[in-house]
Each structure stands twice: as structure tokens, then as C-alpha cells.
Amino acid sequence: MNGAWSAAAIRRAEARLMSLLPPGALMQRAAAGLAAACARILRQQHPERQGGVYGSTVIVLAGPGDNGGDALYAAARLADRGARVFAVPVMGERVHPLAAAALTRAGGRLVAQPPDHCDLLLDGVLGIGGRPGLPGRALDQLGRIHARAVVAVDVPSGVDVDTGAVPASAVTADVTVAFGARKPCHVLGRAALLTGRLELVDIGLAPYLDPHPAVSVADEADIVGWWHRPGPDDDKYTRGVVGVAAGSERYPGAAVLATAGALAGPAGYVRYAGAAAEAVRRRHPEVVCTPTVKEAGRVQAWLAGPGFGTDEAALAELRDALVSPAPVVLDADALTLIGEYPSVLSRREAPVVLTPHDREYERLYGSPPREDRGAAAAALAKRLNCTVLLKGHHTVVAGSDGAVWANPTGRPQLATAGSGDVLAGFMASLLASGMDGVRAAVAAAFVHGRAGGIAAAGHRTVTASDVARALPGAVGAVLSRA
Ligand SMILES: NC(=O)C1=CN([C@@H]2O[C@H](COP(=O)(O)OP(=O)(O)OC[C@H]3O[C@@H](n4cnc5c(N)ncnc54)[C@H](OP(=O)(O)O)[C@@H]3O)[C@@H](O)[C@H]2O)[C@@H](O)CC1
Ligand SMILES: [K+]
């Protein structure tokens with residue numbers, strides 16, 4: 001399913017579905033999917049052996065609720081296939097009684113102190129009924145067990161399921177096997193990092209979910225649907241003209257990278273306005289350069305800000321870009337200027353997209369983003385009546401109407417100098433082609449993330465120039481996927 005649903009929405013869907021099924025059927029679907037995922041992971045650990053489940057050591061941390069139940073039933077299936085299973089109740093003696101009995105019947109053992117090494121640790125401590133933080137006994141076991149792989153059941157225990165905040169102790173998973181649908185913690189904030197690789201198990205919940213998720217997540221088909229493909233009657237002007245006001249004599253690199261981003265997008269024509277024209281022309285002869293925004297002529301979208309400074313001249317350029325009736329992406333130095341002179345945005349009616357990282361967010365909002373990053377982005381978007389792309393290892397986009405999107409393609413390698421310039425230029429090109437602010441931000445983050453993945457193939461160190469070079473390939477890959 002595209003999107004992530006809150007715990008309450010999952011429970012509503014579960015109640016509708018459960019009323020149609022025999023008791024326990026849903027938990028068996030979940031356990032079967034979980035056991036199959038665990039078997040795959042164990043097999044990957046021993047590609048030389050046939051199987052991988054037989055003879056492996058599995059430890060279950062079992063909490064008091066149905067999440068523990070899923071873990072114990074799945075572990076029983078692994079025990080049936082010859083795994084040595086040890087289950088540790090982490091909340092006194094409270095464990096799912098039927099699931100614990102099934103495990104014992106299959107030869108698994110309930111113990112207080114399991115071995116200190118295992119092939120697979122199953123985190124069945126807390127699921128969507130959990131409050132943030134781990135019970136002490138779970139924390140102690142996590143501190144002493146060396147596991148070759150940690151698999152979280154439904155969610156990494158300890159996280160705030162609905163916001164992705166991690167205010168206290170939580171599990172760090174290699175893989176999270178989630179049931180029915182994503183939850184916000186899988187895609188937002190620090191919890192998304194603790195999720196590791198996400199595997200979704202279909203338990204038949206989708207038809208019963210509310211049509212609107214709490215957090216939307218784009219996929220290739222969305223991007224393809226939003227993308228303006230040139231038709232036979234299009235020319236370079238109808239495809240959109242994008243203006244880039246970036247860079248300076250001191251920082252020509254920002255101009256080169258931002259124009260590279262703009263050239264990779266769907267717009268037909270890129271104009272550059274600023275003091276780094278020589279460097280831009282040398283790298284991108286197809287870009288038409290002028291010294292100032294005023295002299296650039298008409299564009300369908302502007303990018304203003306990367307590397308253009310925060311002095312009087314930069315402020316004047318920013319004002320000129322904002323006078324234009326075209327949509328505008330404001331990045332980097334433009335965000336600092338907006339923080340200092342918020343009034344320059346006040347009479348603005350055409351769409352504006354802001355692309356802050358955390359420090360820039362603080363300059364704009366007055367306090368750093370809350371750990372609930374979806375809500376943080378939405379609050380700034382509402383206050384400034386803009387679209388906000390809040391950068392992070394999991395980038396979030398919020399519209400001024402409160403809609404929140406999480407980007408599924410991010411990666412830590414993209415946190416490299418200049419990578420944001422490429423992203424901002426690409427986004428401006430999407431806006432110039434006619435995409436609305438939220439879609440342009442969502443699509444830009446998605447494709448930029450893919451470009452980062454291509455550039456980082458083989459665990460290479462990635463520079464912003466690598467990302468820019470990979471961008472056209474990432475566009476092609478995304479557009480040909482759906
Ligand atoms: N929905 C679906 O479609 C399906 C759901 N399924 C599964 O059910 C899971 C949800 O199960 P659940 O409702 O029993 O909640 P779960 O999280 O296991 O435990 C809650 C218990 O923990 C306790 N507790 C809470 N926080 C705590 C803390 N910080 N520290 C210590 N204790 C804490 C709390 O006790 P309390 O303190 O409130 O008395 C309560 O007893 C779901 O994630 C999925 O795995 C599948 O089987 C089938 C399809
Ligand atoms: K869990």
C-alpha cells in the first residue's frame with residue numbers, strides 16, 4: 001500500500017476484517033509471513049547451505065501483547081523446521097498464552113536467560129499498542145545478545161508508532177516485517193532509521209483501510225502520472241523555462257550544480273542569473289546566462305538561493321525573483337534571508353517551496369524541528385503558506401493544507417556538500433514544467449534519492465557532481481518503471 005497509516009487507523013481496519021474471519025486467523029497470517037521472512041534471512045546468512053533454518057539459533061524477546069504473539073507463533077514455525085528457539089518473556093510472566101504453548105509444543109523453550117549469540121533475534125516486545133521506550137528486561141537482553149540479524153515484528157519496539165519520534169530506548173532492526181500496511185514510524189524521523197529494510201506482509205487488510213493515509217509515500221507510478229512528457233506540439237518554451245539565481249563569484253560551484261539539476265528535469269530551457277555565469281557556461285553551454293534576475297526575462301519557475309550570499313545585492317535578487325508571478329523554490333541563502341526579512345514573502349501569491357535542513361528550519365520557525373518531523377514540516381508550511389521540504393535521512397514534504405509525504409528513496413550518502421543545490425535546481429525544473437509545489441518537491445526528492453543510489457553503487461563515496469551526473473539516468477529509470 002502507498003502511504004502509512006496510524007495505529008488507530010490500522011486497528012479500525014483490523015476490526016472490520018476480523019469480524020469476517022475465524023478467531024486467530026489474522027495472527028496466523030501475520031505469523032506465517034513473518035516466519036517466511038525469517039527463513040529467507042537465515043538462508044541468506046548461509047548461501048552455501050541448503051535451507052538455513054535447520055540448526056540455526058533464534059531468540060525471541062516476547063512482550064505481553066499480540067506483537068509477542070506474532071513473534072512466538074512465527075518462532076514455533078521455525079522450531080518445527082529445526083531451529084533452536086529460546087523465548088524470553090520481557091514483561092514479567094505476561095506473554096500470549098496460546099502462542100507460548102504453540103512454541104513449547106514445537107520444541108522451543110521459554111527461558112529467563114537465553115544464549116548470548118544467535119543467528120536471528122526476533123523483537124516481539126511491542127507493536128502498535130506500544131508506548132515509547134523499552135521495558136528494562138528487553139533493554140538488558142538487547143545489551144548482551146550478539147545477533148547476526150535483528151528482525152523487528154511490525155515495528156521496532158520502543159518507537160512512537162504514529163510520529164516516528166524516538167524519545168527513549170528502542171530496538172535497532174536490520175529488517176522490520178510489517179503487517180498489512182506501513183505505519184508512520186517506518187518512514188518518518190529517527191524511527192525510520194531504526195526500521196532497517198522494510199518488508200510488508202499482506203494479511204488482507206488493504207481493502208479495509210481508510211482511503212487517506214496519515215502520511216503519503218510516492219512510488220514510480222505517481223511520478224510518471226505527474227510528469228509532463230513533451231508532445232509533438234511542444235517546443236522548448238512550452239516545456240517550461242526555468243530560472244536559476246544561484247552562486248556568486250566566491251561560490252560558482254552552487255550555480256554549476258543547481259543548473260545541472262535544472263537541466264536534468266523536464267523543462268525545455270534553463271536560464272542562469274548571477275555572477276557565476278562564466279563557470280556555468282563552461283560546464284553547461286546550453287544554459288543562457290544574464291547577470292541579474294531582472295534581465296533574465298520570463299520564466300515559468302525560479303530557483304533562488306544556493307550560494308548567492310546574504311548581502312544587500314542577494315536580498316534584491318531574491319525580491320526580484322519573488323515579484324515574478326512564477327512559482328519559486330527558495331533554498332540555502334534565500335532561507336536565511338527569509339528568516340531575517342519574513343516580510344518579503346508576505347504579498348506572495350504564486351507557489352513557494354522552501355527546502356530547509358534543521359538549522360534553516362530553526363531560523364524560519366524560531367525553534368528546531370520537533371522529533372515529529374511530519375508535524376514540524378506541516379507547521380512551518382501552514383505558518384508561511386508554502387510547501388516545505390524538510391531535509392533529513394528521511395526527507396519529508398508538507399503542503400500548507402497539512403498534507404504530509406515521506407520520501408522512500410533517501411540515503412545518508414546524499415548528505416554531501418552541494419547535493420541540495422542539485423535537488424533544488426531539479427525541483428525548479430519540475431515546477432517550470434507545470435507540476436504543483438507539493439508534487440514537485442515529492443518527485444524531486446524521490447528521483448534525487450534514486451540518483452544518490454546510482455551514484456553510491458558499490459559503496460562509493462558520493463559527491464554532488466556524481467549525483468548530478470546520475471540524475472538523468474535516475475529520471476529515465478523512474479519513468480520507465482511504471
Ligand atoms: N492490527 C492488525 O491488523 C494486526 C495486528 N497484529 C499484531 O498485534 C500487534 C498489536 O498488539 P497489541 O494491541 O496487543 O499491542 P502490543 O503492542 O503487542 O502490546 C501492547 C501491550 O504492551 C504494554 N505496553 C505498551 N507500551 C509499553 C511499554 N513502553 N513498556 C512496557 N509495556 C508496554 C501494554 O500494557 P499496559 O502497560 O498498557 O497494561 C499492552 O499490554 C501489532 O503490532 C501486530 O504485531 C497481528 O497479529 C495481526 C494483525
Ligand atoms: K516489535
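Glycine residues also receive a Cβ, built from the backbone N, Cα and C atoms like all the rest.
Curation plays no part in TrEMBL annotations; they are all automatic predictions.
These figures come from a predicted structure and were not determined experimentally.
Residues LYS391, GLY392, HIS393, HIS394, THR395 are recorded by TrEMBL as AMP binders, and the candidate that the same record lists for that site, out of GLY366, GLY420, GLY425, is GLY420. The Cβ centroid of LYS391, GLY392, HIS393, HIS394, THR395, GLY420 marks the AMP site; residues of that chain outside this set whose Cβ lies within 8 Å of it are HIS357, LEU390, VAL396, ASN407, GLY410, LEU414, ALA415, ALA445, given in sequence order. Comparing Cβ neighbour counts within 10 Å across the binding-site residues ARG131, HIS357, HIS394, the minimum falls on ARG131.
Here the C-alpha separation of HIS394 (AMP binding site) and HIS357 ((6S)-NADPHX binding site) works out to 11 Å. When secondary structure is read from DSSP and collapsed to three states, ASP123 (K(+) binding site) falls in the strand class. Around the Cβ of ILE128 ((6S)-NADPHX binding site), the same chain contributes ALA7, ILE10, ARG11, ASN67, ASP154, VAL155, VAL161, LYS183, each under 8 angstroms and 6 or more positions distant in sequence.
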